[in-house]
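Visitor: Quick one: the structure is below, questions incoming.
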């Protein structure tokens, strides 16, 4: 019989990352840079989202050799991505002992109808969301941590801002509702009624919600924290910059001290050029990774 972790334990692991930065890395060297810069965790990948976007084709789980290399290189938690709905990729990563699995729209979905039943796993999961409906559906499936979808690999923060603001606005709306209005709101959002009741009672989501997708500068990271993010994922931004080590430290500092504008100004000096970035309106519908999943 497969073991499963309790929600309390899995969500507690996510709470421990609160206020921190999680960085995408593709090898042991990058993982060490991230750890030394103060990252609370790393995401082991074969290619960062910008390279996945540029290469096209089918993006799958990283080679286990890369994941193991990163796990052996650092003492901080290691996450890895599995395709949406790909049961075996997730089980393989769990068997390898990763600390967290990201059921990620950055990779090509394996199942366009069903997400993983994350309640059946011992390892905790993080999932992306654009609104409260997506957020609560993923939580009901067993996600222990959420993140904005943003638009990965673009270096453009606009979609992450949109998603964070939308989720938080919808949470505030639910909190202000009377109990007899909640069932209709659950129907409108496609959200489990019991979770909306819990959100109304607690005044917040039952799991942490990080910012992800388009964080490219220290100011971007600070912006997302001000908008209510519990922490920040940085994908392509750090290792696509001119000075990754300095850039990584600046992102971590800006995330921690997100209202210290003089410090953020100093952190932003002489970082070199940030990743070039992509204007969202130039993307074709099929290039929009955030549309993957439901």
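Heads up, the Cβ atoms here are built off N, Cα and C, so glycines get one too.
In case it helps, Swiss-Prot gives these features for our protein:
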ACT_SITE  81  active site, schiff-base intermediate with D-ribose 5-phosphate
BINDING   24, 153, 214, 235, 236  D-ribose 5-phosphate binding site
BINDING   165  D-glyceraldehyde 3-phosphate binding site
Visitor: What are the non-local neighbours of the residue listed as 'active site, schiff-base intermediate with D-ribose 5-phosphate', defined as same-chain residues 6+ apart in sequence with CB under 8 A from its CB?
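Guide: In sequence order, the residues whose Cβ lies under 8 Å from that of the residue listed as 'active site, schiff-base intermediate with D-ribose 5-phosphate' (at least 6 apart) are 43, 45, 61, 62, 101, 102, 103, 104, 106, 107.
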Visitor: Taking 10 A as the limit, how many CB atoms besides its own sit near the CB of the residue listed as 'D-glyceraldehyde 3-phosphate binding site'?
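Guide: Excluding its own Cβ, the number within 10 Å is 13.
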Visitor: Please give me the CB contact count at 10 A for residue 24 (D-ribose 5-phosphate binding site), counting all chains in the structure.
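Guide: Neighbour count, Cβ to Cβ under the 10 Å cut-off: 28.
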Visitor: When you measure from the Cβ of residue 235 (D-ribose 5-phosphate binding site), how many other Cβ atoms are you left with inside 10 Å?
Guide: 28
Visitor: Pick the one among the binding-site residues 214, 236 whose Cβ has the fewest other Cβ atoms within 10 Å in this structure.
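Guide: Sparsest of the binding-site residues 214, 236 by Cβ contacts within 10 Å: 236.
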Visitor: How many Å separate the Cα atoms of the residue listed as 'D-glyceraldehyde 3-phosphate binding site' and residue 214 (D-ribose 5-phosphate binding site)?
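Guide: Pair distance, Cα basis, whole Å: 15 Å.
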